[in-house]
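Here is what Swiss-Prot says about this protein:
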BINDING   Arg77, Tyr205, Gly206, Gly207, Ser256, Asn373, Ser374, Arg375  substrate binding site
BINDING   Lys214, His234, Asp283  Mn(2+) binding site
BINDING   Ala257, Cys258, Gly259, Lys260, Thr261, Asn262, Arg375, Arg406, Tyr499, Gly500, Asp501, Asn502  GTP binding site
ACT_SITE  Cys258  active site
REGION    362-388  region 'Disordered'
Amino acid sequence: MSTSPAARPTSNPHLLGWVDEMAKLCKPDRVHWCDGSEAEKKRLTDDAVAAKVLIPLDQQKWPGCHYHHSNPSDVARVEHLTFICTPTKEQAGPTNNWMEPKEAYRKLGAIFDGSMKGRTMYVVPYVMGPSTSPFAKVGIEITDSVYVALNMGIMARMGKVALDRLGDSNEFNRGLHSVADCNPERRFICHFPQDNTIWSVGSGYGGNALLGKKCLALRIASYLAKNEGWLAEHMLILEAESPTGEKQYVAAAFPSACGKTNFAMMIPPAAFPGWKIRTVGDDISWMRVGEDGRLWAVNPENGYFGVAPGTNRKTNPNAMDSVRKDTIFTNVARTPDGDIWWEGMDHEAPAELIDWKGQPWKKGSTEKAAHPNSRFTAPAKNNPAISPLVDDPKGVPISAIIFGGRRSTTVPLVLEAFNWTHGVYLGSTMGSETTAAATGQVGVVRRDPMAMLPFIGYDCGSYLQHWLDMQSRIPNPPKIFLVNWFRKSAEGKFLWPGYGDNMRVLKWMLDRAAGRAPAKETLLGYTPGDAGLDLHGLDVSKDAIAAATRIDLGEWEQELESQAEWFEKLGKTLPAPLALQRELLLERVRAARKVK
């Protein structure tokens, strides 16, 4: 086994000992320590192209951009193969898969044994968060995938900067990854919160293989956050600047396919001249209490790992600008001359394409050319609307926390929580409706507390209790809101136009956070009332707005029954104050129905 010239660029005995131990287990032909330099990026990219792992795109149209086909069986996160390996099953809770830690190390160790024979082991040091921030966490990912090493170089602050931050400390996340034989039968993503360790084998896909992202920044970090008194959340962070120059910051949690990246990169409508929205982060937020008693947030990531289909100049022009250079596209469609395409792009499909499986594709085919979960990995600095505070080690002060799911009925356009506990209740019961394709039953609500269901690194009830406990730590807490852009008419049409027009709802929330907007009290929370939203220049009927904001008592009685089933699933660790919130709301709804 050889080690590359950038050999062992650290004297940290804890790190060196662990890398040697993992090399002994995986048996690579050579070890390469990543330094994060541009020269290294070029060298690794050339290696990946030579190995046909990456395909260069037309460098005139897409400078510095490359294409990657994944194995067709390896195209998404695999929740059923993702495990939380706490000492007891109760610590993982009823919403996570659990594996006993010793058994997990034994089972995965047998797959890792010799898995890197004939391959290079890349040692990828990285920092999540601005490198000088008190928020920052160091991780080391060992991987046999050059694709993963290059993606980590985009998604995190990678290389020497991480080793400098680490020094001789033993406090780093130990991440071991191997594609191995990419066999779904031998695919496991295991998290060991007590050991600050992640082992992932059998997948090269982003969320399973880029261990800094969901694995460390959410699953492991949520456990660390509980113990250390902060929050690690599946939230975008955006900066809103008013025409007068006032800047406010919000964090927002939406489950997948609910427009998180679009909201983070929103362009306000023409009716809002002078307003600017800038992106601090599009996916993950780490929040701590500042010296001023407010909640301060950083984006631990350094890039965007976005879903390509549906992204276009209308829905998200800033995302389209972000992917113009130095981006890796995974499982989209491409043309033989080095262009790319996906469903929902601005122009129609070319007559002929190479689809995401590498097969010829003709216009009119019933098969999708790009995989529905095809992705782009783009540097955050490419975003023309990035916030200048994105690298600020202090983070940004959060005025409002927003929760939102995809509900075609029941949930109104916007609600403000009565208080922190009520806000945690709204977040704990949020969710999205399944489609017929997913379950055979349309409209079944999949609860997704704080959009964190697949990402909580310990028991869900204890996680919700941690949210409640945070109230006593935050003297000046942000206001909490619930939004729903997706309510439909009886004919199945969206009632609210969404996209840039979500600025109208955001403005009301910002004004409420600043204490300068009126609100109407309802049994569900505070709403804008008839005149609270700025609707000038909006081509939507009054009836549609009324339907989008309506509170239907019959629907809410059903909703609360469904919430009871969800709370029952959480078991004995469900915080009593949340059960009480549901009971009080049920009483209010029933009393209001009797009055009617």
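Along the chain as shown, residues are numbered 1 onward.
Every residue, even glycine, has its Cβ placed from backbone N, Cα and C.
Across the region 'Disordered' (362-388), DSSP classifies residues as 3 helix, 7 strand, 17 coil. Put simply, Thr261 (GTP binding site) is 7 Å from Asp283 (Mn(2+) binding site) when counted between their Cα atoms. In the three-state DSSP classification, Lys214 (Mn(2+) binding site) falls within a helix. If you compare every pair of Cα atoms in Ala257, Cys258, Gly259, Lys260, Thr261, Asn262, Arg375, Arg406, Tyr499, Gly500, Asp501, Asn502, the residues listed for GTP, the longest distance is 26 angstrom. Cα separation, Ala257 (GTP binding site) to Asn373 (substrate binding site), rounded: 10 Å.
Taking Arg77, Gly207, Lys214, His234, Ser374 as the binding-site residues under consideration, the smallest Cα distance to Asp501 (GTP binding site) is found for His234. Within 8 Å of the Cβ centroid of the substrate site, not counting the listed residues Arg77, Tyr205, Gly206, Gly207, Ser256, Asn373, Ser374, Arg375, the chain contributes Val75, Ala76, Phe305, Val307.
Across the structure, Tyr205 (substrate binding site) and Gly259 (GTP binding site) are spaced 21 Å apart at their Cα atoms. Sequence-distant neighbours of Asn373 (substrate binding site) (same chain, 6+ residues apart, CB-CB distance under 8 A): Val75, Ala76, Val307, Asn331. Among the record's substrate binders, Arg77, Tyr205, Gly206, Gly207, Ser256, Asn373, Ser374, Arg375, no two C-alpha atoms are more than 16 Å apart, and one pair sits at exactly that spread. In sequence order, Trp485, Gly498, Tyr499 are the residues of the chain that are 6 or more apart from Gly259 (GTP binding site) and have a CB within less than 8 Å of its CB. Taking the binding-site residues Ser256, Thr261, Ser374 in turn, the residue surrounded by the fewest other Cβ atoms inside 10 Å of its Cβ turns out to be Ser256. The shortest Cα-Cα distance from Thr261 (GTP binding site) to any of the binding-site residues (Gly206, Gly207, Arg375) is found for Arg375. Gly207 (substrate binding site) sits 6 Å from Lys214 (Mn(2+) binding site), taking the CA atoms of both as reference points. In the three-state DSSP classification, Tyr499 (GTP binding site) falls within a helix. Fewest other C-beta atoms within 10 angstroms, among the binding-site residues Tyr205, Tyr499, are seen around Tyr499.
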